[in-house]
Amino acid sequence: MESRVLLRATANVVGIPKLRRPIGAIHRQFSTASSSSFSVKPIGGIGEGANLISGRQLRPILLLDSSAINGGEKREILKPVKAAAAEGGDTAGDAKVGFLAKYPWLVTGFFFFMWYFLNVIFNILNKKIYNYFPYPYFVSVIHLFVGVVYCLISWSVGLPKRAPIDSNLLKVLIPVAVCHALGHVTSNVSFAAVAVSFTHTIKALEPFFNAAASQFIMGQSIPITLWLSLAPVVLGVAMASLTELSFNWLGFISAMISNISFTYRSIFSKKAMTDMDSTNVYAYISIIALFVCIPPAIIVEGPKLLNHGFADAIAKVGMTKFISDLFWVGMFYHLYNQLATNTLERVAPLTHAVGNVLKRVFVIGFSIVIFGNKISTQTGIGTGIAIAGVAMYSIIKAKIEEEKRQGKKA
């Protein structure tokens, strides 16, 4: 900006011949020049925007009239002007590209890493809590409560700015939040009842329920290729369930209810499409889901917690560790869900779908290593087949969605 203003300031001085006199002559001639030999010329008007730098007006300066100074003197005067213009061009004209802007794949890779890392840590810490505090309804409330407090603090400092909500948007978000709450609680009931790896194997069936709901409830036509890709998922889950050493019906049925709940959440989410950003939408859903989860937690687990639940947990690990575990598991739960949303915004649906499958592989693998869960050969093979089927389904579905978008653009 400064270079453009300075160059414009010199526009009134024209016809620069070769240098004939030394610069000292300028001062002698200027001191003897009559008052008519020079005039005051402001550099452009405010309306033209020529005198504004960073919102401040430049003070008018005295420019010697062409009759008062010969060509050589003009050239000497213009030297510092040109030098300043060149210096300004070097600093303001050539904006350096930031490191992160130059290598966006590093940022995306960091998002994927943090998404996986937080998800694995959440699942491990969550299961450790259930080993000494088997109250999934209460823990589910803590997950949402910590996330809601985090959102409220973020809103208070304007990161992000809270988006206003009206009664119409609230009506469409309530069904989404109810399904989110039900799916979250039943997932935790399953995590508490069986091995983490088995729960995630059962939850691999979620795409099957999504396809079934789209076909038979929403009336959407599902290509045969998608149905065929789901066959290995069903087969793999069946194989893993038959020989799972930690199998029990509470864990199995709870994971299946979670799949159905999250399927309906997806259906209601499509009906609740809004211009609000995903961070604010997730915050409002978390707040509503928290109020949905509190009553059943009080009814189902309240008396047990007051009688001996809290006391037993504190006796086993101590008050400080008990409270810190609940706080951090809630933070990890909220942050990994937020990172999943942020990652989806940075990559194509196909990349995110593959990443989601790999995330489940990471969680299953790490849970087996950390907790030393013994699995049979058939369970391992069944889990592998189910994950491969989910990968096939995710890739095919993402390609179909991309073709639809390209068709709409054309």
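Yeah, the Cβs are placed from backbone N, Cα and C, and that goes for glycine too.
Look at Swiss-Prot and you will find 1-82 tagged as transit peptide.
The N-acetylalanine feature in Swiss-Prot is assigned to Ala83.
Long-range contacts of the transmembrane segment (105-125) within the same chain: residues 191, 196, 200, 325, 328-329, 332-333, 335-336, 339-340, 342-343, 346-347, 355, 358-359, 362-363, 366-367, 370-371, each at least 6 residues beyond the stretch ends and with a Cβ under 8 Å from a Cβ of the stretch. Annotation comment: Swiss-Prot describes 105-125 (among others) as transmembrane segment, evidence class sequence analysis.
The annotation transmembrane segment is assigned in Swiss-Prot to 138-158 (among others). Remote same-chain residues near the transmembrane segment (138-158) are listed as 126, 129-130, 181, 184-185, 188, 192, 283, 286-287, 289-290, 293-294, 297, 301, 305, 309, 326-327, 329-331, 333-334, 337 (criterion: CB distance under 8 Å, separation of at least six residues from the stretch ends).
Here the transmembrane segment (172-192) has long-range neighbours at 123, 126-127, 130, 134-137, 139-140, 143-144, 165, 199, 202-203, 250-252, 254-255, 257-259, 261-262, 264-265, 268-269, 271-272, 274, 281, 284-290, 292-293, 296, meaning same-chain residues at least 6 beyond its ends whose C-beta is under 8 angstroms from one of its own. For 172-192 (among others), the entry in Swiss-Prot reads transmembrane segment.
Tertiary neighbourhood of the transmembrane segment (222-242): same-chain residues 198, 201-202, 204-205, 207-208, 211, 214-215, 252, 378-379, 381-390, 392-393, 396-397, 400, selected by CB-CB distance under 8 Å and a gap of 6+ residues from either end. Summarising the annotation, Swiss-Prot assigns transmembrane segment to 222-242 (among others).
Residues or ranges marked as transmembrane segment in Swiss-Prot (evidence: sequence analysis): 244-264 (among others).
Feature annotation from Swiss-Prot assigns transmembrane segment to 281-301 (among others).
Residues or ranges marked as transmembrane segment by Swiss-Prot on the basis of sequence analysis: 313-333 (among others).
Marked as transmembrane segment by Swiss-Prot on the basis of sequence analysis: 361-381 (among others).
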Under an 8 Å Cβ to Cβ limit, what residues of the same chain, 6 or more beyond the ends of the transmembrane segment (244-264), are close to it? 175, 179-180, 182-184, 186-187, 189-190, 193-195, 198-199, 201-203, 205-206, 209-210, 212-213, 373-376, 379
Long-range neighbours of the transmembrane segment (313-333), counting only residues six or more past its ends (CB under 8 A): 118, 121-122, 125-126, 128-129, 132-133, 139, 142-147, 150
